[in-house]
Amino acid sequence: MVLLLFGYALYYQRRLRIIKIQSDGAHEVMLVKGRKPQVASKEAKSAEEYEALQSFLRSISSTATLPPYVKGETYSSVRGVFNQCLITCAVLILSVGAGHPIGFSAVALPQLRKENSSMRIDDEMGSWIASVHSAATPLGSILSGPIMEAIGRRKTLQVSTLPLVIGWILIGTASHHAVLLLGRLVCGFAVGILAAPSQVYLGEISEPRLRGLLIGTPFVAYSLGVLYVYALGGALTWRSVAYLSIVLPVLAFIALCFSPESPTWLARRGRFHDAMAAMSRLRGDSDTAQRELHELISAREKEKARGEESIRFLATVLRPPVLKPLLLINAFNILQILSGSYVVIFYAVDIVKDTGGSLDPQVAANASACVRLGVTIVACLLLLKVTRRFLVLVSGIGTAVCTLALAFLLSQGPGTGIAPPFLILGYVAFNTLGFFLLPGLMIGELLPTKVRGLCGGYIFCLFNSVLFGFTKLYPIMKNSMDIAGVFGLFGASAALATVVLFLLLPETKGKSLIQIEQYYQNPNILWLTRKKTASTQNV
């Protein structure tokens, strides 16, 4: 995995063009002897923090002495690209482990329904086993924001491995339905904790031109984790699958011990020298690291000078530059859930069986996991070449067409032949191409630095709350609407999500996080009505 990431990232990085511009002079302004930044009395910095900043600025080069640079863009050396890919792979190991509980219900439910099962279940208990994972995820998500702001992104990811291991032990040793449900709850709690930090962490360690690739790779890992569980479930008992799912979280904890903390988090905590060390490792070049870190510090000082740093969280969220991306992300997340992205994973075997066709349900479910994995890899690579908007619009249109076609086919009678499984696989492919990756991309790119950690946790909390309700209600919906009506709902939701993205989603390919923040500071709401000035025309 690391060699694949490194190869494509290095190939793309070598093609980048560097344009000369003059120094912006911000370094010199912040480092005027005896002159502290102008801030309101209530927001005056402590003497220790001020001295730490001045000491750091004196220890690095002036921006006027650094190599030519395009503002808002950074370029890593070969070593820096390799380090970014290597650290990403440490996160991917944990992300694969997070995919295990997502796909577990699809293989456990058929086994538990068998007459000779020691814990035979009915449809009601089966729906609880499938959905209870998502019931605990919101709690983990809402806690992940404060945790990652307090102890950092990397340490939060490490903390999440403990409940994940405990949850699998409970599942593997369960002798009663209550213990099995408790294990699913604990695993869901762990997945909730790690979801937002993984996207935020990768977004903050990667350079702009590689950010789409690196942020998208956890979804490759999720798909690989689902496929891994599906494959094991076809050959082993669900208890054996639970025990084998412990291995990757443990490996992830060890791998993350050798990864640096996010430079953005370190800089905002006033740990400038630690941030410089982390940035130098990630970029592989001290001059490039100085330039990017200086931009982060400059933005932080301007925020303080405007008196925005001390604004309370709720008041900050209600400000238009934060509220606009927040509403877009939440609106899309709800529509994505209603389009069936995760329900098809949780109930893969049952859905294939209900739609009919000539393929064996277990084979078709495994094929859908393979398609999801392959398309996720392709989508991550396409993010290097095509725009975000193009990819997600193609994904939305393809998803709507496949689901509506399947709904029409099933409304005519039971599915036969290869058409139903073919349309399901087409739905999985198009949905994965953009819809599956976009929530993580938007959290890593659209949210302002100040609230990225906290808002990321709240977004995943709402996401998983809606996901729990929708997953729990799926059997009821299927009985009342029939499977054709369910896929009709999927198609209508996908079509509406496509319209929302066409109107509101900005293009962020190749843009720094600072530039994206500046875009949302403009008064426009619709992408097509954005103000195309020299500073924003490329955002």
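Backbone N, Cα and C atoms are what each Cβ position is placed from, and that goes for glycine too.
Going by TrEMBL, these are the annotated features:
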type	residues	note
DOMAIN	87-509	domain 'Major facilitator superfamily (MFS) profile'
TRANSMEM	85-108	transmembrane segment
TRANSMEM	157-175	transmembrane segment
TRANSMEM	181-201	transmembrane segment
TRANSMEM	213-235	transmembrane segment
TRANSMEM	241-259	transmembrane segment
TRANSMEM	326-348	transmembrane segment
TRANSMEM	363-384	transmembrane segment
TRANSMEM	391-410	transmembrane segment
TRANSMEM	422-443	transmembrane segment
TRANSMEM	455-477	transmembrane segment
TRANSMEM	483-505	transmembrane segment
Cβ-Cβ under 8 Å with the transmembrane segment (213-235): same-chain residues at least 6 beyond its ends: 1, 5, 8-9, 84-85, 88, 91-100, 102-104, 106-108, 111, 198-199, 202-203, 205-206, 241, 244-245, 248, 345, 348, 362, 365-366, 369-370, 372-373, 376-377, 379-381, 383-384, 432, 436-437, 440-441, 444-445
Mean per-residue pLDDT computed across the domain 'Major facilitator superfamily (MFS) profile' (87-509): 85
Same-chain residues near the transmembrane segment (391-410), Cβ under 8 Å, at least 6 residues beyond its ends: 339-340, 355-356, 379, 382-383, 419-420, 423-424, 426-427, 429-435, 438, 482-488, 490-492, 494-495, 497-498, 501-502, 505
Cβ-based contact of the transmembrane segment (455-477) with the transmembrane segment (157-175), 3 or more pairs under 8 Å: no
